[in-house]
Amino acid sequence: MKVFVHGWQHKISHTRILYSLRRFYHVETPFNQNIVSGRDLESTGFAWWSGNARLINVSGKLLGAHVAHAGIMVFWTGAMTLFEVAHFIPEKPLYEQGFILIPHLATLGWGVGPGGEIINIYPYFVVGILHLISSAVLGFGGLYHALIGPDTLEESFPFFGYDWRDKNKMTTILGIHLVLLGIGSFLLVIKALFFGGVYDTWAPGGGDVRLINNPTLNPAIIFGYVLKSPFGGDGWIVSVNNMEDLIGGHVWIGVVCIAGGIWHILTKPFAWARRAFVWSGEAYLSYSLGALSLMGLTASNYVWYNNTAYPSEFYGPTGPEASQAQAFTFLVRDQRLGANVASAQGPTGLGKYLMRSPSGEIIFGGETMRFWDLRAPWVEPLRGANGLDLNKIKNDIQPWQERRAAEYMTHAPLGSLNSVGGVATEINSVNYVSPRSWLTTSHFFLGFFLFIGHLWHAGRARAAAAGFEKGINRENEAVLSMRPLD
């Protein structure tokens, strides 16, 4: 049924202008302006699917959207943590159960015993409940600011109000964010130094929770990671391999963030910065997306390669670690059967169990030689001044090393391994889904699409600042050339 009322004539005319003469309409239900004031197409220029773009000039409602979004994220975290707690099986390692949140909590030293054994899941339950309670508070705050609170904050709460073009206010907000990030960094430092410590996979005997009493504060060491090459055995910041450096790095990050935050709060942007940057809401969005993209892509590499910040006891072995574990497992087996592992040759004439690396070190032989520079807690005790120590290989291998290598051998992050030494012969899900693979892939794709979003919004912001037409010309939208649905 078509409805036409003379009182709606101005709305219909406006719709024709905004969309197309070929648009159709059955019954139009006008928005309740008391509820969605400043968030409809007529008042903002953005349709509902443009999301927060409708709230560019209504700071109070934009605050509500952000607080509600935080509530959603915290709710997922709490609910998913409780889901993992409910499905926890003590007899199986975390990485075999597909968990991605409990491993993070275990890394912080909660509920963990020697060797990475989970001895108490109650702390994880508490963390999940606290996140659910927090999400309820955030959800209420989001609804309040979205529906009841003032449209803009400038009149009611000047401290929280802002103008996107106010460069001094924007850098002050940046400074506040940096201070909060610095405080967050110091929370980890405080936990590691004073409140129970953190899990250290390098602790003697196969890993344990310990206090980090002497974090590395030498700037040459900490910033040396940043200046390292990201290629080969250098590994940039991903190459950190001890908890002292990791916690010391957080000390420096906290200091730099807080100092930078105070600087931005107390100062105004220099003239060159005023000229170089675009100062608009969409520009700030693009900067944020670019920063998040860098974080996501860095985290992707960190999860995949680093077994210090992401212990293999919780996340499963790295690819090189699983390959080396297989070579080690077969070496132990054949040595017990009487094989001379120091001199045995494989079918290619190279060492079957042990061989020389390009730099002359003794390494595991076979196809796993490509991962000769792997460092892992279960194999490091067997090294000497020139690589693997033959005397230790023959006399000092401990049962926990054998068990861990055998477990890692069958849980490679890329899938099942064959007996050659490290080649993935089955897709990941045939054997099991590695949390290390899952987190690596998810962070890579999130980082990638955040980078695309950065380019998109940066282009729009620069075009708007230069006075170009921004967005798609609505006259050329594909949908306008299609037949009406009825």
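For all residues, glycine too, the Cβ spot is worked out from N, Cα and C.
Just so it is clear, the model here is predicted, and its values are computed rather than measured.
Per Swiss-Prot, [CaMn4O5] cluster binding site is recorded for Glu380. If you look up Swiss-Prot, you'll see 82-106, 147-168, 191-213, 268-288, 304-325, 460-484 marked as transmembrane segment.
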Contact call for the transmembrane segment (147-168) and the transmembrane segment (304-325): at least 3 Cβ pairs under 8 Å, seq gap 6+: no
Residues of the parent chain within Cβ reach of the transmembrane segment (191-213), under 8 Å, 6 or more residues beyond its termini: 106-110, 112-116, 241-244, 247, 307-308, 311-314, 377-378, 380, 400-401, 404
DSSP-derived structure type at Glu380 ([CaMn4O5] cluster binding site), helix or strand or else coil: helix
Positions whose Cβ lies under 8 angstroms from the transmembrane segment (304-325), at least six residues beyond its ends: 93-96, 102-103, 106-107, 115-116, 199, 201-202, 207, 235, 238-243, 246, 364, 367-368, 370-371, 374, 376-379, 404-409, 411-414, 417, 421-422, 434-436, 439-440
Other C-beta atoms that fall within 10 angstroms of the C-beta of the residue listed as '[CaMn4O5] cluster binding site': 11
